[in-house]
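Q: Annotated transmembrane segment per TrEMBL: 70-91, 111-131, 151-168, 174-191, 301-320, 404-422, 434-457, in sequence order. The active site feature in TrEMBL is assigned to H393.
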Amino acid sequence: MYCRGSRSLIQPHLTGDLIYQRGEFACRCSGHDGGIAPLSNPGSYCILSCHVLQESLLSSASGYRNYRGILNWCVVMLVLSNARLFLENLIKYGILVDPIQVVSLFLKDPYSWPALCLVIVSNVFIMAALYTERRLSVGTISETTGTFLHFVNLTTLLCFPSATVLTLTSMTPVGGVFALGVFTILFLKLYSYKDVNMWCREIRHSNARTLTRPSVARSNGSAVHAHVSYPGNLTHRDIYYFVLAPTLCYELNFPRSPRIRKSFLLRRLFEMVRSTWMVPTIQNSMKPFQDMDFSRMMERMLKLAVPNHLIWLIFFYWFFHSSMNFVAELLQFGDREFYRDWWNSETVTYFWSNWNIPVHKWCLRHFYQPIMRRGVSKWVARTAVFLLSAFFHEYLVSVPLKMFRLWAFMGMMAQIPLAWFVSRFLRGNYGNAAVWISLIIGQPVAVLMYFHDYYVLHYVPQS
């Protein structure tokens, strides 16, 4: 049989494309809206048009964006590809950290855990900041005296733990990183606490109502918000809430979630259980580094790059998503924007502005904008931000390792020319690929540099 206006015969195996609708036949024809045209004569066949102008789904021009199945595939492949390595290291080295043993040892001899003792001592600096602000709020001391007291408190906050880590022989590198990390976070928080309360004093008589914080009181299971204005925020409960909250920027009006979701807490707690498998690979890298075998050095660096990068990605998810959301849910902290889409970064500047939102907000609010208000150019202000970040990176690595090599400092400062090069010469996917390469290759180089120097300093006999 033939379709009207056509002399081509429809093959029998194509008749399955005919659509039966409401008692009549229909065919797909490109000349009809919607692609379906009814046949006036059910006894006739039609040539079916099955091709249209369209792009493949994986092409960028297709507009297709639903890659959830591919993401799930990546997760499955990641788990399966690392399961063998996890089992191999478990068989060879056993369980490296026993939580029950750690707790029992700490309770038996707490002074042999100087890192945790340092964290406990940090409460002294919190109280110093609180009582300094209380004296300033009532006018007992002048602004100049208060600024000096805050300066002494914040300077000691950085110097005291570093001196303790460098002096105590019982302080391990891991314990030193933990203690200095806590003190660094506390330094940024108390600096913000000082600034915001100073701003409150400056506008106390005019705009104090705009700087109010809702304190939560419970009534029949619901949250009742009562506003607290300066200086009513200068309480122990307020400052410790801020110290524990997953943010570095203080304010009187923290957004609060209405309730604690237990199922959400359990999911985040489950995600926080992580293991590492990088130590044997790093240890095996020391032999070629010691012998200065550059081909083997390159092989080990590339071998370390992938697991190091996976560790970094796992740490990012564990810390910025699971842990910070867990703490935020416990404290009913409402602002959960701890990161943005840094994985789509086409410039180095975009990456550093979006992968760690708490630090980015602090730098923007308490460092970058104050410098800009002094008439400094954007380039100088951005360079100053990278200098500050480079200092803290080196502070958190060199002091716990008790050696100063400036690898972390130089790595951060190298981001400035890299950012200029990528933004100037690379665009789109090429810029995104450059950012990923810098993350995958740059970190294992820094890890190997520090580990090599630490290994040579402590385990290679001096001739």
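The backbone N, Cα and C atoms fix where each Cβ goes, and this holds for glycine too.
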Q: Which stretch, 111-131, 174-191, 434-457, tops the Cβ pairs under 8 Å count with the transmembrane segment (301-320)?
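A: Out of the listed stretches, 434-457 contacts the transmembrane segment (301-320) most.
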Q: For the transmembrane segment (111-131), which partner among 70-91, 151-168, 404-422 gives the most CB pairs under 8 Å?
A: 151-168
Q: Please report, as numbers and ranges, the same-chain residues at least 6 past the borders of the transmembrane segment (174-191) whose CB is under 8 Å from any CB of it.
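A: For the transmembrane segment (174-191), the sequence-distant neighbours (Cβ-Cβ under 8 Å, at least 6 residues beyond its ends) are 113-116, 118-119, 122, 125-126, 129, 150, 153-154, 157-158, 161-162, 164-165, 242-243, 248, 250, 359, 362, 366, 392, 395-397, 399-401.
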Q: Using all protein chains in view, find how many other C-beta atoms are within 10 Å of the C-beta of the residue listed as 'active site'.
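A: I count 18 other Cβ atoms within 10 Å of it.
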